[in-house]
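Remarks on the structure that follows.
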Amino acid sequence: MKNLFACQHLALSAIQHAKGGHVGMALGASPILYTLWTKHIQFNPNCPKWINRDRLVMSAGHGSMALYPILHFAGLITKQEMLHHKYGQVNTSSHPEYAPNNFIDASTGPLGQGLGMAVGMALTQRVLAAEFKALSPKLFDHFTYVVVGDGDLQEGVSYEVAHLAGVYQLNKLIVLHDSNRVQMDSVVRDVSLENLQTRFTNMGWNYLETSDAVADIDAAIKQAKKSDKPTFIEVHTTIAKNTTLEDQPAGHWFIPTDKDFARFNSNTKTNFTPFEYPQTVYDFFHKQVIARQAKPVQAYKELLEKLKDKPLYTKFINWTENDYQALYLNQLDERKVAQANAATRNYLKDFLGQINNSNSNLYCLNADVARSCNIKLGDDNLHTNPHSRNIQVGIREFGMSTIMNGMALHGGVKVMGGTFLAFADYSKPAIRLGALMNLPTFYVYTHDSYQVGGDGPTHQPYDQLPMLRAIENVQVWRPCDEKETAAGVNYGLLSQDQTNVLILTRQALPSLEQSDSVQTLKGGYIISNRKQPDVIVAASGSEVQLALQLEQALNEQQLKTRVVSVPNINMLLSQPQSYLQQLFDPNSVLLTLEASASMEWYALAKYVKKHTHLGAFSFGESNDGQVVYEHKGFNVTNLLKLIKTLKS
């Protein structure tokens with residue numbers, strides 16, 4: 001037990017040095033992490049993101065100090081990093097932060113999402129094992145472990161993803177519950193009457209229960225590994241164990257005092273000095289955590305050597321190295337669409353059809369709207385075909401998005417998902433977290449404006465684009481036709497470290513001769529030009545056709561007009577100033593159009609003499625889409641009035 005107590009003492013020391021932290025779980029869940037790392041987790045100490053490593057997600061991210069001491073004693077985190085817990089150190093941040101070269105498998109903190117990401121990882125292990133079984137069944141035989149707290153299980157998303165794990169029988173997913181019966185403001189029984197055994201068995205899980213003794217946790221994990229279902233292990237722990245706030249809500253977060261160290265030393269019969277521990281502790285963890293990995297890592301290396309000449313090996317390398325250039329470059333032909341002058345969502349179907357082959361590692365998740373959004377590859381699904389690229393998640397948008405993050409974190413697959421734009425709110429917490437981790441997830445949101453029409457204001461998403469565009473590292477594309485759609489799809493497929501969001505229409509839009517897929521990648525470009533224009537009209541998506549209609553009307557009034565298509569306003573604003581000055585003339589007036597509440601358009605005002613913007617700033621109504629659209633001011637007559645005011 002001395003080595004476990006050393007971990008707990010180091011956690012106390014680091015939290016005290018940081019002037020406070022989540023002591024409760026750091027001590028209570030420590031036996032869970034200790035058991036996992038010293039007896040079960042397989043990984044490659046020299047390759048943190050080894051593709052066949054066991055994954056560990058701290059869904060209850062505030063319990064990070066149950067993990068960091070183990071990594072320190074194993075030689076994977078330095079003493080300096082422990083001394084700077086919470087202050088400028090990615091590897092010992094307050095909540096775990098994923099990085100390409102560290103031993104953290106997911107950034108966590110927003111409760112519930114870690115469980116969803118773990119489900120995504122286990123799901124990816126399942127589909128990759130099936131895809132490469134013919135090459136070797138040992139290529140993807142790892143487990144996914146996730147540590148959850150009571151808060152994780154109270155979040156609604158935990159129900160969404162746990163249900164799906166049961167549906168898909170993800171038997172290599174093992175959840176360990178830090179069940180201490182206490183949370184920050186209350187005891188659990190004050191806010192939850194749930195029987196966890198009933199909950200998880202009803203969802204198709206294996207349920208186990210154990211004490212926090214290392215031997216008991218170890219036995220439960222061994223039993224879970226033999227299950228043909230995902231396993232939920234409820235580990236009965238004690239919050240802030242062996243401190244003055246043991247078993248109390250106040251033990252969730254506090255600054256350890258000398259009395260806490262005295263209580264800890266007395267109860268554990270130890271007398272450690274903060275940040276100074278016997279060499280025997282380091283030796284133990286090196287043997288049990290590091291040296292234990294040599295045999296499985298070497299066996300995997302030898303396996304790959306034997307497979308190098310096999311037909312599937314190149315595909316295996318392209319997938320596991322996330323070589324999107326090899327998989328998707330030059331795969332799309334913008335000219336090959338079933339029908340021109342169509343809704344942009346229809347073009348997505350055309351382009352996905354072009355890459356629907358065995359070499360593609362794209363997997364499509366859909367929230368029960370595949371037929372409406374065209375987010376699908378072929379007509380089968382994972383239930384009927386283990387090699388299918390279509391994963392049904394039901395009406396679980398938030399869960400779907402956390403699973404997408406987990407799949408991207410696992411690696412080996414490209415993942416696309418989406419629904420109607422009005423329901424992007426359900427996914428935003430996961431989009432934000434994925435962007436924070438630089439994950440190349442790909443979202444498609446359709447039914448993008450007032451022109452949804454008869455479904456009414458609940459389905460008319462005037463307010464969604466500004467929220468998506470406000471998230472750092474998210475590229476939002478709103479194309480006006482098939483060429484711009486092809487550019488957005490291609491960019492999203494090739495992206496290595498950015499989240500991409502493609503915004504598509506339900507209503508048909510004209511195919512434009514002047515549009516350009518190459519220029520689209522600049523975020524904006526001149527689609528109809530007049531030198532020294534009197535008026536410049538810039539627009540995105542469905543408003544580009546309106547801008548071109550306005551151009552005709554202005555030409556009749558002898559006003560020289562330039563039209564700029566802006567499929568990605570944030571990307572346009574990131575271009576060099578010299579490029580923006582080519583598009584926008586300082587002697588011209590500028591009208592910008594978008595059926596959205598986005599504010600980014602006002603950043604273009606400094607490049608022109610005068611500017612006004614027509615956006616969408618109120619709920620719509622249940623009516624014909626074009627009627628609603630025009631009622632909100634998106635008609636040539638109203639735009640001419642705006643231009644007249646601008647020119648006055």
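Going from the start of the chain as shown, residues are counted 1 onward.
Glycine residues also receive a Cβ, built from the backbone N, Cα and C atoms like all the rest.
Keep in mind that this is a model prediction, so the values were computed, not measured.
Swiss-Prot lists H22 (among others) with the feature site 'Important for catalytic activity', giving similarity to another entry as the kind of evidence. Annotation for H22 (site 'Important for catalytic activity'): same-chain Cβ neighbours under 8 Å, separated by at least 6 residues, are I15, H62, G63, S64, M65, S94, H252, W253.
Summarising the annotation, Swiss-Prot assigns substrate binding site to H22, H252, R345, S372, H447, D455, R506 and lists similarity to another entry as the type of evidence. Around the Cβ of R345 (substrate binding site), the number of neighbouring Cβ atoms within 10 Å comes to 23.
Annotation source Swiss-Prot lists thiamine diphosphate binding site at H62, G109, P110, L111, G151, N180, H252, F423, citing similarity to another entry. Taking the Cβ of H252 (substrate binding site) as centre and 10 Å as the limit, one finds 21 other Cβ atoms among all the protein chains shown. The DSSP secondary structure for H252 (substrate binding site) is coil.
Sequence annotations record features per position, and here Swiss-Prot assigns Mg(2+) binding site to D150, N180, V182 based on similarity to another entry. Within its own chain, D150 (Mg(2+) binding site) has H177, D178, S179, N180, R181, V182, Q183, V188, S192 as residues 6 or more apart in sequence whose C-beta sits under 8 angstroms from its own.
Positions annotated as site 'Important for catalytic activity' by Swiss-Prot: H252 (among others).
Sequence-distant neighbours of E397 (active site, proton donor): residues of the same chain at least 6 apart with a C-beta under 8 Å from its C-beta are A367, T419, F423, Y426, S427. Secondary structure from DSSP puts E397 (active site, proton donor) in a helix. Here Swiss-Prot flags E397 as active site, proton donor.
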Greatest C-beta neighbour count within 10 angstroms, which of the binding-site residues L111, V182: V182
Which listed residue (N180, S372) has most other Cβ within 10 Å, given these are binding-site residues: N180
Chain-internal residues near G109 (thiamine diphosphate binding site), provided their CB is under 8 angstroms and they sit 6+ positions away: G61, H62, S94, H95, P96
Same chain, 6+ residues apart, C-beta under 8 Å of the C-beta of P110 (thiamine diphosphate binding site), given in sequence order: G61, P429, L433
Distance from L111 (thiamine diphosphate binding site) back to R345 (substrate binding site), taken between C-alpha atoms, in Å: 34
Lowest local Cβ density (other Cβ within 10 Å) among binding-site residues: H62, D455: D455
Inter-residue Cα distance where the pair is G151 (thiamine diphosphate binding site) and S372 (substrate binding site), in Å: 35
